[in-house]
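Trainee: To start, I am sharing the structure in question, which I have written as structure tokens.
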Amino acid sequence: EEQRIMSFREDTEDGASDLRKPFLHTGSWYRMGSRRSSSISSSQVIKDGAVSVVACVMIVALGPVQFGFTCGYSSPTQSAITKDLGLSVSQFSLFGSLTNVGAMVGAVASGQIAEYIGRKGSLMIAAIPNIIGWLMISFSKDSSLLYMGRLLEGFGVGIISYTVPIYIAEIAPRNLRGALGSVNQLSVTIGVLVSYLLGLFVDWRLLAVLGALPCLALIPGLFFVPESPRWLAKMGMTDDFEASLQVLRGFDTDISQEILEIKASAASANRRATLRFADLKLRRYWLPLMIGIGVPTFQQFPGVNGVLFYSNTIFQSAGITSSSVPTLLVGIIQVVATAVSTWLVDRAGRRILLIVSSSGMSISLLLVAVSFFLK
């Protein structure tokens, strides 16, 4: 019993607790179930727990949908924005690239924000500048307001791109972690497709207003999902951590073993020694570090974001008169391919999917280069 109520909060020298409180705390509404052994079939327990986790993932996935909408927005709106606001091609290109500038700032700050106020609070902070940014774009009369709105969007996207994958990984059961982790990227591609599709029917100002809807829905949705149990355990909030885990796994699920595992993990993290720079020379440190940095870095080298931002222009440059249809096909193919990978990731493994997708990107880039060279 003593082990069950242990806390990982650290006390200062004067005895005051150094425990940080979550910025967005839902209180005790989810403390409706007590930890107990299941009285129903194990298959039903697994099903109920999966439904709860999936519901939470679907709510926070509104963030990546917003991310994708931001990526896809500039493609169908380029001609209209440049005409209405009198922008040159270089000025509009700056508008598109400012998302990445804001995202870099948001990504740098996201780690500290998510650790200090929690995953839910971090997503709340990300949603607000996104909404303001879209409204600034919609009501802009010149390039200055347009640029500021894009920067704010990028800042929110930078926080979202870190926080949502972390939250999903921390709430997902081990057997669903791969598939649910893929929902993040699937949601991004859905956001891109929706922006392409709506861009065919509405003007750029209305499209910007519609771009704020995912985050407008995300804010109230955050009040109905529990905070990450692993973050709560790390912060020493033992009662909230156990209640959160119970909600995620189902009220008829025995979570005793997982509680002990998470507590041990949190205690280990809090006792973790500081890594010296000299330690990076050791293979057990530098190899996973290089893989962790290298994979996402090299994934950006093909310039996929540039293709998404300016797919209309790319197809027009290739001599395709009606560029809207192939642009829409790009969005559809992305959604289908990501949905397939979501299904395959726990079956085929991560490594084979990376090899296949990297080979496919290389072939595609080669074909594009040859087609433009021969044109």
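Note that Cβ sites are derived from N, Cα and C of the backbone, with glycine treated the same way.
A TrEMBL annotation is a machine prediction, not a hand-curated record.
Okay, these came from TrEMBL:
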- 45-69: transmembrane segment (TRANSMEM)
- 56-375: domain 'Major facilitator superfamily (MFS) profile' (DOMAIN)
- 89-109: transmembrane segment (TRANSMEM)
- 121-139: transmembrane segment (TRANSMEM)
- 145-168: transmembrane segment (TRANSMEM)
- 180-198: transmembrane segment (TRANSMEM)
- 204-225: transmembrane segment (TRANSMEM)
- 285-304: transmembrane segment (TRANSMEM)
- 324-345: transmembrane segment (TRANSMEM)
- 352-374: transmembrane segment (TRANSMEM)
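For each feature listed, report its degree of burial, its nearest neighbours and the pertinent distances within the displayed model.
Mentor: With a threshold of 8 Å between CB atoms, the same-chain residues lying at least 6 positions outside the transmembrane segment (89-109) that come near it are 70-71, 74, 78, 81-82, 126, 143, 146-147, 150-162, 305, 309-310.
Residues 53-54, 57-58, 61-73, 75-76, 164-165, 168-169, 172, 207, 210-211, 214, 308, 311, 327-328, 330-332, 334-335, 337-339, 341-342, 345 of the same chain lie 6 or more positions beyond the ends of the transmembrane segment (180-198) yet place their CB under 8 Å from a CB of it.
Outside the transmembrane segment (285-304) by six or more residues, the chain places 275, 279, 354, 361, 364-365 with a CB less than 8 A from a CB of the stretch.
Same-chain residues lying 6+ beyond the ends of the transmembrane segment (352-374) with a Cβ under 8 Å from its Cβ atoms: 295, 302, 304, 317-318, 341, 344-345.
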Trainee: Mean pLDDT for the domain 'Major facilitator superfamily (MFS) profile' (56-375), as a whole number?
Mentor: 87
Trainee: Please give the sequence-distant neighbours of the transmembrane segment (324-345): residues at least 6 beyond its ends with Cβ less than 8 Å from one of its Cβ atoms.
Mentor: 72, 75-76, 178-179, 181-183, 185-186, 188-190, 192-193, 196-197, 200, 307-308, 311-312, 315, 353, 357
Trainee: Please indicate, using numbers and ranges, the residues of the same chain that are 6 or more beyond the transmembrane segment (145-168) and have a C-beta under 8 Å from a C-beta there.
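Mentor: Counting only partners 6 or more residues beyond its ends, the transmembrane segment (145-168) has Cβ contacts under 8 Å with 57, 60-61, 63-64, 66-67, 70, 81, 85, 94-96, 98-111, 113-114, 119-120, 122-123, 125-130, 132-137, 139, 180-181, 183-184, 208, 215, 228.
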